[in-house]
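Engineer: Take a look at the following structure, please.
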Amino acid sequence: MVNHLAGMFGSAVGMMSNSRARALEIFTEITNYDESACDAWVGRIGCGDTDRVTLFRAWYSRSNFGQLAGAAEISMNGVGARIPIGGIYSRDITYPINSPLAITMGFAVHEASEGNYTDAMEALEDAPAAGSEHLVSWVRAVIYGAGQRWTEVIDQVRGAERWPDKFLAAAAGVAHGVAAANLGLFTEADRRLTEANDTPVAQACAPVIAWYLAMARRSQGNEESAQVLLEWLQANFPEPKVTAALRDPAYRLETTTAEKIAARSDPWDPSSVVADTSARDKLLVEAQAELDRQIGLGRVKEQIEAYRAATQMARIRAARGMKVAQTSKHMIFAGPPGTGKTTIARVVANILAGLGVIAEPKLIETSRKDFVAEYEGQSAVKTSKTIDRALGGVLFIDEAYTLVQERNGQTDPFGAEALDTLLARMENDRDRLVVIIAGYSNDIDRLLEVNDGLRSRFATRIEFDSYSPDEIVEISKVIATANDSRLDDTAAKRVLEAATTLSQRSLNGKPALDIAGNGRYARQLVEAGEQNRDMRLARSLDFDSLGVDQLSEINGDDMAAAIASVHSRLNIGE
């Protein structure tokens with residue numbers, strides 16, 4: 001019987017070049033008679049039968065590999081069967097079935113594509129190691145990629161440039177780039193995938209390389225290059241995600257982190273991340289505590305509470321499948337300097353991170369110098385780099401009205417270029433970026449008139465009022481306490497009198513207290529008062545006799561001298 005089956009096998013192999021259909025029929029006859037005829041299963045694979053059952057039977061009978069071929073005096077290389085091992089990286093990466101290991105590789109990759117990750121990994125357990133470590137590493141990288149375990153993909157392909165199989169080494173570069181992109185490491189992904197485009201694997205992996213390069217470049221702000229790649233994909237390898245990305249410039253790759261991968265309750269299920277909300281809850285508590293600590297700012301606190309409530313309810317409605325108005329998260333903080341705008345911006349960053357709207361409670365403080373360059377065409381580049389630093393957090397632009405300045409009655413072209421870039425990124429990165437612009441109300445209004453699209457980008461405007469004289473006193477006391485200092489009653493009275501005077505005077509059309517800087521004015525008074533106190537105490541002949549009260553107290557004379565000094569320095573004296 002063995003000789004008969006061997007004869008049938010030899011006939012089938014001989015027919016493969018002329019009639020694969022007839023060859024497949026003969027290989028099938030053999031396997032119907034003997035399910036352990038591994039070589040016939042391999043023949044079926046060589047004829048295009050890569051059904052799961054076929055792959056399983058070939059793998060299950062792999063210990064019989066070469067027996068029929070040996071009896072027929074045929075080399076298994078002569079069968080010419082190849083098995084797909086590219087997985088998510090390419091349908092065109094195949095490997096010659098010249099050993100039981102090749103069968104195992106193909107079977108494991110197919111099992112992973114069906115979501116049977118554990119079976120796939122178990123199939124590799126008895127794979128021969130000596131001399132074939134790179135093959136096993138590649139298949140593991142494919143399995144981990146199918147399960148979106150990107151950190152382990154990188155572990156498997158690290159050092160692939162030393163693999164003896166240069167084609168698979170190049171494919172490993174693609175796997176590394178794909179993993180980097182899914183981890184949000186877009187610069188590294190761009191580098192790896194660009195290099196892969198100049199290797200033997202470029203054609204086999206072309207759709208994957210183009211897709212992830214497009215997503216990496218879009219996330220880096222290179223929309224023009226992303227569009228070129230997406231259009232090429234649409235023309236050659238159309239699929240729904242490509243169409244969606246072409247239609248919506250805000251379409252982004254959904255990334256993860258090593259921490260999230262490690263937090264999965266099921267290592268193969270990306271949706272099984274056990275959410276640890278304690279850090280977010282802590283951010284919300286800290287944000288509320290910081291807001292409560294602020295003196296005055298009644299209207300601001302109410303508006304921040306409304307902003308938080310609207311954002312929180314929108315997240316809850318969306319989670320329950322309800323319609324949610326797509327309102328902008330960008331904000332305007334309008335008001336004089338020293339009224340707590342930067343502090344409240346930090347509160348907003350904590351709130352948004354606590355609610356999961358942004359990735360981290362990051363606040364990037366900026367001004368005109370971070371956006372506007374000295375040469376034409378460079379402001380766009382500079383602006384994009386600044387925005388990239390803020391992605392995943394909040395970009396705070398103080399004195400935003402200085403972005404675009406008038407020059408001899410003409411609009412500043414460099415500032416306009418920066419503003420145009422900012423507007424585009426605010427829209428394209430709206431899911432990863434919150435922008436807060438700050439400045440005097442009238443100046444902010446003038447900025448909003450510069451560009452027609454600017455005003456519509458901001459759904460929330462919060463007005464910051466000047467501090468009252470009483471609030472300046474309270475702020476001064478808080479600042480002093482933080483420094484282990486204390487204003488005596490006379491010193492506090494001096495601060496109240498000075499603040500009242502400034503609130504009733506105008507300089508250049510603005511309240512003198514605003515020119516002085518409100519809260520910053522209070523800090524300068526306290527710091528100058530501490531200096532005067534220290535100079536007074538330094539004249540004491542007996543330092544050991546100085547008590548804590550004496551070392552901390554700022555008296556009326558100390559503060560009177562401080563007020564005179566600060567007013568002179570700020571040029572706001574009588």
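Quick reminder: no glycine exception, Cβ is built from N, Cα and C everywhere.
These figures come from a predicted structure and were not determined experimentally.
For reference, Swiss-Prot lists these features for the protein:
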BINDING   GLY335, PRO336, PRO337, GLY338, THR339, GLY340, LYS341, THR342  ATP binding site
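Please situate the listed features within the shown structure.
Structural biologist: Note: GLY340 (ATP binding site) has non-local neighbours GLN294, LEU297, VAL300, PHE464, GLY519, i.e. same-chain residues 6+ apart with C-beta under 8 A of its own C-beta.
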Engineer: Sorted by position, what residues of the same chain at least six away from THR339 (ATP binding site) have a C-beta under 8 A from it?
Structural biologist: LEU297, PHE464, ASP465, SER466, TYR467, ASN518, GLY519
Engineer: Starting from the ATP site formed by GLY335, PRO336, PRO337, GLY338, THR339, GLY340, LYS341, THR342, give every other residue of that chain whose CB sits within 8 Å of the mean position of their CB atoms, in sequence order.
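Structural biologist: Nearby residues not in the site list: PHE333, ALA438, PHE464, ASN518, GLY519.
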Engineer: Please report the number of other Cβ atoms within 10 Å of the Cβ of THR342 (ATP binding site).
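Structural biologist: Here the count is 17.
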